[in-house]
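The following features are taken from TrEMBL:
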- LYS124: ATP binding site (BINDING)
- 1-19: compositional bias 'Polar residues' (COMPBIAS)
- 20-52: compositional bias 'Low complexity' (COMPBIAS)
- 85-327: domain 'Protein kinase' (DOMAIN)
- 1-62: region 'Disordered' (REGION)
Amino acid sequence: MGNCLFSSTRVDSSQSPHATSASGSSRVSSKTSRSSVPSSLSIPSFSDTSSTGCLPTPRTEGEILSSPNLKPFSFGELKSATRNFRPDSLLGEGGFGYVFKGWLDYNTLAATKPGSGMVVAVKKLKPEGFQGHKEWLTEVDYLGQLHHRNLVKLIGYCSEGENRLLVYEFMPKGSLENHLFRRGPQPLSWAVRLKVAIGAARGLSFLHDLKSQVIYRDFKASNILLDGEFNAKLSDFGLAKAGPTGDRTHVSTQVMGTHGYAAPEYVATGRLTSKSDVYSFGVVLLELLSGRRTVDNTKVGVEQNLVDWAKPYLGDRRKLFELWTLD
């Protein structure tokens with residue numbers, strides 16, 4: 001999508017539009033209309049619950065890759081679908097790799113000529129060793145099991161030699177980040193901004209309300225993708241993590257996420273809860289209201305950080321409307 005289906009990079013700065021977030025999902029290290037789906041693919045209908053409601057974890061790599069909901073593609077098939085990953089098929093890029101537009105037959109999912117069949121977004125990861133493969137596998141694991149109208153649909157994957165690719169539904173309106181921060185003919189209307197916020201909230205709520213809770217951990221504007229009707233779908237599940245179980249109140253983990261969006265208490269302690277996602281959602285709401293980036297190094301002082309800049313306005317109802325902008 002100009003950020004259609006791009007995944008994480010290391011320091012949030014990528015922007016492109018079309019299928020899965022190719023945004024450079026920066027990692028905060030511990031330092032700081034339903035699209036067509038081939039009938040042969042057993043993907044559950046879009047509902048507000050997953051196919052099971054309770055994810056079987058942990059699972060081996062073999063179990064993850066044998067999901068009946070996903071098609072395993074060969075590298076050759078995806079080369080053909082993207083016209084050999086030609087530059088004019090490129091949708092976007094980030095620290096993770098590249099996203100290309102491809103075409104597949106609706107029924108067989110075989111590569112077909114451009115302009116016919118189903119348009120898809122193919123994310124081709126750079127070889128990054130264990131961590132890159134781990135995040136790729138995490139995305140296959142979660143999106144191979146979870147299905148909701150506000151989560152991007154994963155169609156299949158390729159794991160051949162050192163090649164790691166993911167095939168997603170194509171999201172023609174790109175990412176929310178592109179619409180908010182790239183100069184275009186017209187800013188998003190308030191009605192569309194509200195629609196996007198509600199859709200993203202529903203996707204996040206779905207993850208948090210599962211019997212086996214999922215914490216998204218990378219909620220940000222570049223990971224919110226938009227279909228042709230501006231329906232929001234969450235993408236890039238490489239950092240997703242199972243929530244606490246039993247009497248546990250949190251998950252202790254290495255701090256990961258994107259600077260500016262990650263909850264300060266999570267960054268400080270490594271204690272992860274669903275509230276960490278809620279904080280990130282609040283940051284995106286501020287971006288929708290203000291049209292400002294969460295971190296803007298072109299500004300000085302308190303204005304560099306959106307949350308710090310907005311706090312005085314949020315505490316005074318008379319000043320609140322000064323946040324709003326469509327510029």
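Cβ atoms are placed via backbone N, Cα and C, with glycine included.
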Task: DSSP-derived structure type at LYS124 (ATP binding site), helix or strand or else coil - done: strand
Task: pLDDT averaged over every residue in the domain 'Protein kinase' (85-327) - done: 92
